[in-house]
Ligand SMILES: N[C@@H](CCC[C@H](N)C(=O)O)C(=O)O
């Protein structure tokens with residue numbers, strides 16, 4: 001079978017996207033998705049998404065990690081899928097789409113920036129001075145100094161595979177506070193089982209942990225190895241966050257065809 005794919009990236013978090021509105025890719029299996037995401041034998045990507053139809057919404061997002069398994073929400077993926085929908089002719093002032101963690105809104109600015117409304121967050125758990133929260137995907141956040149010199153792969157893997165998280169997995173973020181409203185984040189991603197250049201739900205989790213206004217509106221600039229994002233939100237109380245928006249670039253890289261066995 002010849003498969004037509006589209007490659008997108010959001011701050012270096014890269015994705016294979018398939019237009020599945022006619023359901024032609026419904027039967028893709030784990031092995032095939034893993035092959036498509038393989039950087040040596042396939043196209044290469046951190047994850048794969050299907051653009052599906054969904055009654056009552058502009059579209060549905062289905063997300064798979066590079067290991068071929070369907071996973072939880074992907075923030076950068078969601079932003080890339082909105083840009084893809086726009087390029088496929090789905091033109092809206094405000095997009096409404098369904099994902100695994102519920103309904104999302106998104107908009108595209110004149111400069112191409114894609115802003116995605118994330119789910120409300122209710123609850124941050126503290127453990128040994130680190131933080132655990134769910135921003136659509138599960139995240140572990142650890143504050144460190146000199147994050148660019150940090151061994152993200154080794155330390156991330158140690159946490160992701162410890163007894164507590166080994167079975168379900170968790171994404172692990174290492175965060176350096178640069179200024180009151182600016183942080184640097186590096187993430188070890190579950191399902192990729194490596195550091196990625198950026199992780200949207202991880203950036204969001206890190207920004208919620210690093211609030212600067214005790215209550216009300218916060219706007220945090222987040223630097224990743226793949227570029228700059230911003231996270232805006234209202235801090236309702238200690239661990240309740242509403243109106244959480246993840247904003248940044250999402251670009252088409254190329255499109256092509258590949259033979260599937
Ligand atoms: N890169 C994503 C997160 C994708 C899901 C994650 N790997 C998981 O399995 O939890 C993002 O931008 O949020």
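Cβ atoms here come from the backbone N, Cα and C positions, even for glycine.
All annotation found in TrEMBL is predicted automatically rather than curated by experts.
These numbers come from a predicted model, not from an experiment.
Feature annotations, reproduced from TrEMBL:
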BINDING   13, 65, 75, 76, 171, 189, 190, 200, 201  substrate binding site
ACT_SITE  74  active site, proton donor
ACT_SITE  199  active site, proton acceptor
Field: Which listed residue (74, 199) has most other Cβ within 10 Å, given these are active-site residues
entry: 199
Task: Grab the substrate binding residues from the record (13, 65, 75, 76, 171, 189, 190, 200, 201) and give me their largest CA-CA distance in Å.
output: 15
Task: Provide, as an integer number of angstrom, the distance between the C-alpha atoms of residue 171 (substrate binding site) and residue 199 (active site, proton acceptor).
output: 9
- line: Between the C-alpha atoms of residue 75 (substrate binding site) and the residue listed as 'active site, proton acceptor', the distance in angstrom, to the nearest integer, is 7
- prompt: Which chain neighbours of the substrate site, leaving out 13, 65, 75, 76, 171, 189, 190, 200, 201, have a Cβ atom within 8 Å of the mean position of the site's Cβ atoms?
  reply: 46, 47, 74, 77, 137, 187, 196, 199, 202
Task: Give the helix, strand or coil assignment DSSP yields for residue 171 (substrate binding site).
output: strand
Task: Have a look around residue 190 (substrate binding site) and count the other CB atoms within 10 A of its CB, chains all included.
output: 25
Query: Between residue 201 (substrate binding site) and residue 74 (active site, proton donor), how far is it from one CA atom to the other, in Å?
result: 6
